[in-house]
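Asks: Okay, handing you the structure first.
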Amino acid sequence: MILAQAPHGFLSPTGVEIAFLLVGLVTFGAALVSVTTKQLVHAALWLVVTLGGLAVEYLLLTAEFIAWVQVLIYVGSVVVLLLFGLMLTRAPIGRSPDADSANRWAALTVAVAAATALVWVVVDAFRATWIDLDGPAAGSTEATGASLFQNWVLPFEALSVLLLAALVGAIVLSRKAKAERSSPSLNSRDTDESSPSVPDARKNPAEQEGAR
Amino acid sequence: MNDALDVALRLLIVFVVFLTFPLIVGQAEHKVMAHMQGRLGPMYAGGFHGWAQLVADGVKFAQKEDIVPAGADRRIFQLAPAVALLPYLLVLLAIPIGPGEGAVGEVVDAGVFFVLAVMGVGVLGSLMAGWASANKFSLLGGLRTAAQLLAYELPMLLTAASVAMAAGTVSLPGIVDAFEWWWLPWQIVGAIVFFTAGLAELQRPPFDMPVADSEIIFGAYTEYTGLRFALFLLAEYAGIVVLCGLTTVLFLGGWHGPWGADGLGWVWTLLKSAVLAFVVIWLRVTYPRLREDQLQKLSWTLLVPLSLAQIALTGVVKVVIS
Amino acid sequence: MSRPSPDHHSSTTPAGRPRMSIPGSGLAKGLAVTLRTMTRKTVTEQYPDVQPDLAPRTRGVIGLFEENCTVCMLCARECPDWCIYIDSHKETIPAATPGGRERSRNVLDRFAIDFALCMYCGICIEVCPFDALFWSPEFEYAETDIHELTHERDKLREWMWTVPAPPALDPGAEEPKEIAAARKTAEKLAAAQAEQAAQAAEAEQATLDASATEATPAGPDDPQGGEA
């Protein structure tokens, strides 16, 4: 990151800093609502606001590429997947009190602990480092790519291997479940026997047509 | 002050384009579809060959009562059309139609990612509409929308990434600047996959399973009337404009053409986009709707492998020529 | 058996076309069909602006040629939905000759067809023995009040003037029976007359031949004298 020469104070904030703070507040509020609301789908939609707010924060820090990837992956795909899952299982309109978890306090403890750890690590790592927002963009696609594939190649590759493992695991799980379900039943054997004849019956007229 | 004026002018132009181009595409669809079916299409509104049909439709929609179903989630139901429509307005800002700073609403550094990311958000509108309508057909439509988006976002991204690899930049004007004519055969598979996946993401026939009117009435938009319904329709046509513009910029070389590249480049962009829009309509008229399983199969077993192959090809050629 | 299995055969992908053809040729064929249709003339009738080109036997409306009607009531009785209303009374015609018998005839008072009920089957026209009912191709007689669809005698007569001349017969068709009968009669008559004329001429010739010895021959100047 780029170090600013002049010492910075908190007393005379710039416009970007004010915007950053306000968006941060909105994001924080949306995050709070998304975990406290009693309506399942509303929680997912507040999550959209939260993730979008984060993208705006990235933008304000000139990390344009990260911001769009955030929108693309989280708002565009993860939330859609979440909503898909909700709609597929249960997504009543209105409150769903039975969806409330009993281990509220345990969850709160874990969340606070995780947040403390993250904040502590970040604060410890950057302390008094300031990003110069007026200079060349520190988070442009080029800069991000260069730092990612020069300084952080190993973690990047490790992450991709992790994701690959998860993908393979998901495929194995789904195939195993399918095989177990279909093998003992009689019906499936029936369809297995009959199915080869179906494409034959369909292909014959097609062949004749082709011959014509 | 001059800067502010400049920005305001650009925004105004993009807004006007956003309001008129989808209508032009819609009118073209009316007429082209009619003639492809041996009909004439609208002939009365506006006097000359029904040119004002969509204006008349808009007036009609505006007059209708705005109904929110009793069981619906009111706020989300009312918010959904805006969520579906606004992303396309934002995307239009970033599509360059000519060389130089003057011919693009706003230069975005990571243009490809911006465009695809924001287009993906538009689908959230359909999801919200589908869920908030308190209607089982709407919910089914929303589900199908989500499944379709998840299936087709991947090939779209991969092929866009292939072009970005070829150009060595993710900025849209940068990609067109780097374009050479031989990219056309090089990236043709990617272009077809991108265009097809884009059609599916817009839920245009033959990929209109989420609104399949013979099965689930009108999918997520079943409960909508009046202006909100019109906004959803506008979103669909704005989506066509955006998709055609994007395909032109990414794969067809934007303002490059055999002649008249300087000064008249924007004509080339518009011409290519118009031809693509015609193809969109043509495909709609020609092909029947895909079944849901065929839809998923097409994406996962054909488009994704093809786009991966395209990326591999792009990488190999890129390494060989550099 | 009857359940289609999508795993084996897919008609959607270009690769899933019949094996013998190039992949995607079916898709291209479909595109060609729509494109070809677009370049052709449309079949749309722009009716209010352009009058439709109707077939000669179009069943538009029924016209009544009152003079031919004998109030036989066949049409009203055959009508499947009873949409023909006929009122009449008897009139007595005094004897034409003194001491002769006086005759009675039916006089039509009312003839109405309710086109709100009519199903345009045409049975009344078929069944009329005196050719009093005709199809007319006129079809623009919609009304805002259903009662006005009951067309009375005068209106039915108005329709009569819109009945087109019957279409010409097919040149290869059999001759109509009426014309054939009339022609046969005419031919018979002509033949009889010709025979008569021939006989007359022969007789004249004989007398001429007989008198030729006595007087100057004048026969060749008057060969057609028998036909007058």
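The chain as shown is numbered from 1 upward.
Placed from the backbone N, Cα and C atoms, the Cβ positions cover glycine too.
Pulled these from TrEMBL:
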type	residues	note
TRANSMEM	B:7-26	transmembrane segment
TRANSMEM	B:79-98	transmembrane segment
TRANSMEM	B:110-133	transmembrane segment
TRANSMEM	B:154-175	transmembrane segment
TRANSMEM	B:181-200	transmembrane segment
TRANSMEM	B:229-253	transmembrane segment
TRANSMEM	B:265-286	transmembrane segment
TRANSMEM	B:298-321	transmembrane segment
Asks: Do the transmembrane segment (B:265-286) and the transmembrane segment (B:79-98) come together with 3 or more C-beta pairs under 8 Å, pairs six or more apart in sequence?
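Replies: Stretch pair touches.
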Asks: List, by number or range, the same-chain residues at least 6 past the transmembrane segment (B:79-98) whose CB is under 8 A from its CB atoms?
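Replies: For the transmembrane segment (B:79-98), the nonlocal Cβ contacts are 11, 14-15, 17-18, 104-108, 111, 114-115, 118-119, 121-126, 128-129, 132, 172-173, 176, 224, 228-229, 231-232, 234-235, 238-239, 241-242, 245-246, 249, 254-255, 265-266, 269-270.
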Asks: Taking B:7-26, B:110-133, B:154-175, B:298-321 as candidates, which has the most Cβ pairs under 8 Å with the transmembrane segment (B:229-253)?
Replies: B:7-26
Asks: Which one, B:7-26, B:154-175, B:298-321, has the most C-beta pairs under 8 Å toward the transmembrane segment (B:110-133)?
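Replies: Comparing B:7-26, B:154-175, B:298-321 against the transmembrane segment (B:110-133), the winner is B:154-175.
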Asks: Using a Cβ-Cβ cut-off of under 8 Å, list the residues of the same chain that are 6+ residues beyond the ends of the transmembrane segment (B:7-26) and lie near it.
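Replies: 54-55, 88-89, 92-93, 105-106, 233-234, 237-238, 240-241, 277, 280-281.
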